[in-house]
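The structure under discussion appears below in the form of structure tokens.
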Amino acid sequence: MNCYLILTVALLLTSAMTGTTTAGQLNKKGVTLREDDRFPCNPGGCACRPLDSYSYTCQSPSSSTANCEGNECVSEADW
């Protein structure tokens with residue numbers, strides 16, 4: 001039983017020491033990113049985080065932002 005405890009503690013410490021997270025990084029607009037800070041859309045597009053999702057969708061800057069969090073579609077320049 002002590003082996004399981006030691007293994008669990010070792011895994012937790014390894015995770016804490018590497019500083020890996022699944023979320024929590026912020027870009028300059030304060031948008032929480034899922035995995036890394038790369039812009040998720042093609043050049044000329046913008047990233048919309050739908051109100052009912054944690055994943056970004058790409059759309060044209062001229063598209064409606066009514067379903068985007070904060071009513072905003074973030075361009076690559078503002079990412």
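Keep in mind that glycine also has a Cβ here, set from the backbone N, Cα and C atoms.
Other Cβ atoms within 10 Å of the Cβ of Cys58 (disulfide bond), summed over all protein chains shown, number 15. Residues or ranges marked as disulfide bond by Swiss-Prot: Cys41-Cys58 (among others).
The disulfide bond annotation in Swiss-Prot covers Cys46-Cys68 (among others). Within its own chain, Cys46 (disulfide bond) has Cys58, Gln59, Ser60, Pro61, Cys73, Val74, Ser75, Glu76 as residues 6 or more apart in sequence whose C-beta sits under 8 angstroms from its own.
In the three-state DSSP assignment, the secondary structure recorded for Cys73 (disulfide bond) is coil. Cβ-based neighbour count (10 Å, all protein chains) for Cys73 (disulfide bond) stands at 25. Sequence annotations record features per position, and here Swiss-Prot assigns disulfide bond to Cys48-Cys73 (among others) based on similarity to another entry.
According to Swiss-Prot, the signal peptide annotation covers 1-23.
Figure note: comparing Cβ neighbours within 10 Å for the disulfide-bonded residues Cys41, Cys48, Cys68, the maximum is reached by Cys48.
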